[in-house]
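For reference, the structure is listed below as structure tokens.
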Amino acid sequence: MATSIQLKRRGLLFVLSSPSGAGKTTIARMLLAQDEGISLSVSATTRPMREGEVEGRDYHFVTDAEFDRMVESGAFLEWAHVFGRRYGTLRNEVWKSIENGCDVLLDIDWQGTQQLKQVDPDIVRVFILPPSMKELERRLRARGTDSDEVIQSRMERAAGEISHWAEYDYVLVNEDAETCLSKVQAILDAERLKATRRIGLHDFVRSLIG
Ligand SMILES: Nc1nc2c(ncn2[C@@H]2O[C@H](COP(=O)(O)OP(=O)(O)O)[C@@H](O)[C@H]2O)c(=O)[nH]1
Ligand SMILES: Nc1ncnc2c1ncn2[C@@H]1O[C@H](COP(=O)(O)OP(=O)(O)O)[C@@H](O)[C@H]1O
């Protein structure tokens, strides 16, 4: 009885950001595979699908006109221009998870993180850094999904992205993916235990000490 009271809590919004290529998608997938209590908020984007990506799993791939309509109808919790394309967090994706009692993982950039912080000040923000800029470029090339031109533009944008590191609650260096993942999991586990998120804790304590 007491345990079920202590386990109840509000679902939390868990944001992962990084410069492109630092490994946030890799870490996010590993986290989703090992932690049943969190699900991914699948964003909508106007960027073309990459090889290996799946509609509805990685993104909802939409046209510019569709994106315009979604903006007008208030479908987005936040949206931003990134690399000349538009990306947005769908309100329904987030509420669907929260209603199911699940935490929500958001793979969004610093612009989206700033907007989301205005909507829900309780979000948890994690920034992932690469071990070096040389390794960042190596990873972008090794991924093999982007042309030289796109890689160049991602590298040019990386310093700008990284300059927002201090707006995050936690900053990790993704040197070894498993090590980085275990730190991300530790942050998530600790945030879940925060007293302010534990609905029913008040009543439980009152039942203990009156
Ligand atoms: N603001 C915002 N940024 C997003 C959203 N979805 C993805 N992004 C960001 O857009 C950037 C580009 O994503 P993507 O094209 O998948 O390339 P990646 O950086 O190599 O994973 C990344 O920084 C993502 O975090 C979203 O819904 N909102
Ligand atoms: N810790 C790591 N060490 C080496 N390579 C990594 C590491 N994390 C990710 N990668 C690789 O780097 C590339 C970019 O990772 P990805 O997760 O797509 O980055 P992002 O989502 O931040 O753009 C991928 O090929 C991925 O397999």
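Yeah, the Cβs are placed from backbone N, Cα and C, and that goes for glycine too.
Nobody curates TrEMBL annotations by hand; they come from automatic prediction.
Feature list (source: TrEMBL):
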DOMAIN    11-189  domain 'Guanylate kinase-like'
BINDING   Ser18, Pro19, Ser20, Gly21, Ala22, Gly23, Lys24, Thr25  ATP binding site
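Annotated features, which come from TrEMBL, shown on the structure.
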| residue | record | contacts (Cβ under 8 Å, 6+ apart) |
| --- | --- | --- |
| Ser18 | ATP binding site | Lys24, Phe127, Ile128, Leu129, Pro130, Glu161, Asn174 |
| Pro19 | ATP binding site | Leu129, Pro130, Leu136, Arg154, Arg157, Ala158, Glu161, Ile162 |
| Ser20 | ATP binding site | Phe83, Leu140, Arg154, Arg157, Ala158, Glu161 |
| Gly21 | ATP binding site | Pro130, Leu136, Glu137, Arg139, Leu140, Arg143, Arg154, Ala158 |
| Ala22 | ATP binding site | Ile128, Leu129, Pro130, Leu136, Arg139, Asn174 |
| Gly23 | ATP binding site | Ile128, Pro130, Arg139, Asn174, Ala177, Cys180 |
| Thr25 | ATP binding site | Asp107 |
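Counting every protein chain shown, the number of other Cβ atoms lying within 10 Å of the Cβ of Lys24 (ATP binding site) is 23. In the predicted model, residues of the domain 'Guanylate kinase-like' (11-189) average a pLDDT of 95. What surrounds the ATP site, by Cβ distance within 8 Å of the Cβ centroid and not counting Ser18, Pro19, Ser20, Gly21, Ala22, Gly23, Lys24, Thr25, is the set Ile128, Pro130, Leu136, Arg139, Asn174 from the same chain. For ligand 1, none of the binding-site residues lies close by, meaning a CB under 6 A from one of its atoms; the full candidate list was Pro19, Ala22, Gly23.
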